[in-house]
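According to Swiss-Prot, the protein carries these features:
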- 1-17: signal peptide (SIGNAL)
- CYS69-CYS80: disulfide bond (DISULFID)
- CYS74-CYS90: disulfide bond (DISULFID)
- 86-148: domain 'Kazal-like' (DOMAIN)
- CYS92-CYS127: disulfide bond (DISULFID)
- CYS98-CYS120: disulfide bond (DISULFID)
- CYS109-CYS146: disulfide bond (DISULFID)
- ASN113: N-linked glycosylation site (CARBOHYD)
- CYS152-CYS262: disulfide bond (DISULFID)
- 258-293: domain 'EF-hand' (DOMAIN)
- CYS270-CYS286: disulfide bond (DISULFID)
- ASP271, ASP273, ASP275, TYR277, GLU282: Ca(2+) binding site (BINDING)
Amino acid sequence: MRAWIFFLLCLAGKALAAPQQEALPDETEVVEETVAEVPVGANPVQVEVGEFDDGAEEAEEEVVAENPCQNHHCKHGKVCELDENNSPMCVCQDPTSCPAPIGEFEKVCSNDNKTFDSSCHFFATKCTLEGTKKGHKLHLDYIGPCKYIPPCLDSELTEFPLRMRDWLKNVLVTLYERDENNNLLTEKQKLRVKKIHENEKRLEAGDHPVELLARDFEKNYNMYIFPVHWQFGQLDQHPIDGYLSHTELAPLRAPLIPMEHCTTRFFQTCDLDNDKYIALDEWAGCFGIKEQDIDKDLVI
């Protein structure tokens, strides 16, 4: 369970970068986008340059003018280059130009069961296959080297949301405890989580049996309503439209699969109308939230 919390803390940034909106995959298709890019804040080290301020600004302007690619965004697998008119354009990255992996944790597994040294190597390779049938079918399945993922049994599927709900609640509480000046949560979110944090009946984080998790959900149902809505809002970013595509699910799904083999099947069953998107009511219903308690105003 602690490992679960670690992963979502790494993914809790609001900017879950995904360059395009894609529907949920069919049962044989998996996530294309993965790990989100957390927005970089201001440099905490502020250097006073005094009379050199103007010169520094001029130098910065010159650098920007000489490098049109500096603020030109390219999606995963592509890099910026200048054309004959000195205009920025995105081209496929050479996989051999990707940084050498530091360790096993950087490796990723594709849906054709091939391990890539890093997500950079995967997306660069996929880009070179753009326009081909193979490239269209190639997707990133999960984070980590390829391994055997056992099928998800019906009995196991019913247990998945029990752990997931408890995890979401614990992640929010952890973010609240660590927030202070880190801006991990908005003020509105803090007010909601504060009530959960101060509730004496709250089940502390731990590796609890599913029977205990089920009883706690029944007894302390109200504690779980906001965490489920909060996670939906964290994922619904590209665009913010009240629906989750498989691209938007990727930052949550990809790290979970090696630990929770029912992840893919769970998200597939959430799509009740099979339109390849998960709406808020479908998402909340998957976690046992009652229809009368589903409120888009809680997605804050």
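Placed from the backbone N, Cα and C atoms, the Cβ positions cover glycine too.
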- Residues in the domain 'Kazal-like' (86-148) grouped by DSSP into helix, strand and remaining coil: 21 helix, 14 strand, 28 coil
- Message: I want to verify one value. Collapsing DSSP to three states, which class is CYS80 (disulfide bond)?
- Response: strand
- Task: Kindly assign CYS152 (disulfide bond) to one of the three DSSP-derived states: helix, strand or coil.
- Result: coil
- Task: Take the C-alpha atoms of GLU282 (Ca(2+) binding site) and CYS90 (disulfide bond) and report the distance between them in angstrom, rounded.
- Result: 37
- Quick one: what's DSSP say for GLU282 (Ca(2+) binding site), helix, strand or coil? helix
- So what sits near the residue listed as 'N-linked glycosylation site' in its own chain, CB-to-CB under 8 Å and at least six residues off in sequence? CYS146
- Item | Top Cα neighbour of ASP271 (Ca(2+) binding site) in the set of disulfide-bonded residues CYS80, CYS109, CYS286 | CYS286
- Message: Can you check which residue among the disulfide-bonded residues CYS92, CYS262 has the largest number of Cβ atoms within 10 Å of its own?
- Response: CYS262
- Note on the structure: In the three-state DSSP scheme, ASP275 (Ca(2+) binding site) belongs to coil
- Query: Between CYS270 (disulfide bond) and TYR277 (Ca(2+) binding site), what C-alpha distance do you get in Å?
  - Reply: 9
- Task: Measure from the Cβ of GLU282 (Ca(2+) binding site) and count the other Cβ atoms within 10 Å, all protein chains considered.
- Result: 19
- Task: Compute the C-alpha separation of CYS109 (disulfide bond) from ASP273 (Ca(2+) binding site), stating it in Å without decimals.
- Result: 29
- Could you give the Cα-Cα distance between ASP273 (Ca(2+) binding site) and CYS92 (disulfide bond), in whole Å? 36
